[in-house]
Amino acid sequence: MAPLAGLALLDSTSIGTLVIPGLLLARPAPAYRALPWYAGTLFLFYLLIGLLGLGGLDLIGAASELRTTDLGLWVQLIVGAALLLWGVLSRDPDPEKSLTRWRSRLDRPLTRRGAAGLGLTAGVIELAGMLPYLAALGMLTAADLPTPATTGLLAGYCLVMFLPALVLTGLRLSLGRGFTARLQRFTEWMMRQADHTLLWVAAIAGVLLVREPITELFLR
């Protein structure tokens, strides 16, 4: 399951799982205490989306069956190539616009309810960019494991997504105010790169998607 862990770490660099937690941690103590409510809501959101994809909606299973046909392989090749071309050929986004957009969402006091709402909002906004997560769901479906094992792996995947944020939390608690200035600079840099990050995630996902169709359709 090493590829699964790699995808989870790739997902851990998103705005929702790394940048927003970093910005909350850079605030004074009363503000960053809302972080557990934010992270818990986002974790449950990702877990619910994953469970719906694996079980309730059974969309991933149908897609997995389609992938075994020539038509499915061609569809996967076209989608992967489109993602790769979009990620590589798109015009570089304006970093200052990205920073301003996310700041406008975060520059207000957060209650516990507000933090939970922010977590839900971040999850919904990032749905379109959850390409590694969708790939992970496909891998879990293809593994054909018992439901408890699949659910456990999915929950573990969602936890790994928050590992960098947990590391930042530990540094914030141990180093105190001396760490906040560096954390603020880091998270602002990440916000400036957010739109650009989506492009390289799309390119990586595109490469992962086209490998199998190219092998099956042209090299065998």
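Sequential numbering from 1, following the chain as shown.
Including glycine, each Cβ sits where the backbone N, Cα and C put it.
Please treat TrEMBL annotations as automatic predictions, because they have not gone through curation.
The following features are taken from TrEMBL:
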TRANSMEM  6-25  transmembrane segment
TRANSMEM  37-59  transmembrane segment
TRANSMEM  71-89  transmembrane segment
TRANSMEM  110-134  transmembrane segment
TRANSMEM  154-175  transmembrane segment
TRANSMEM  196-214  transmembrane segment
Hey, does the transmembrane segment (71-89) touch the transmembrane segment (37-59), meaning at least 3 C-beta pairs closer than 8 angstroms, sequence gap 6 or more? no
Do any residues, 6 or more residues outside the transmembrane segment (71-89), come within under 8 Å Cβ-to-Cβ of it, and if so which ones? 63, 65, 131, 199-210, 212-214, 216-217
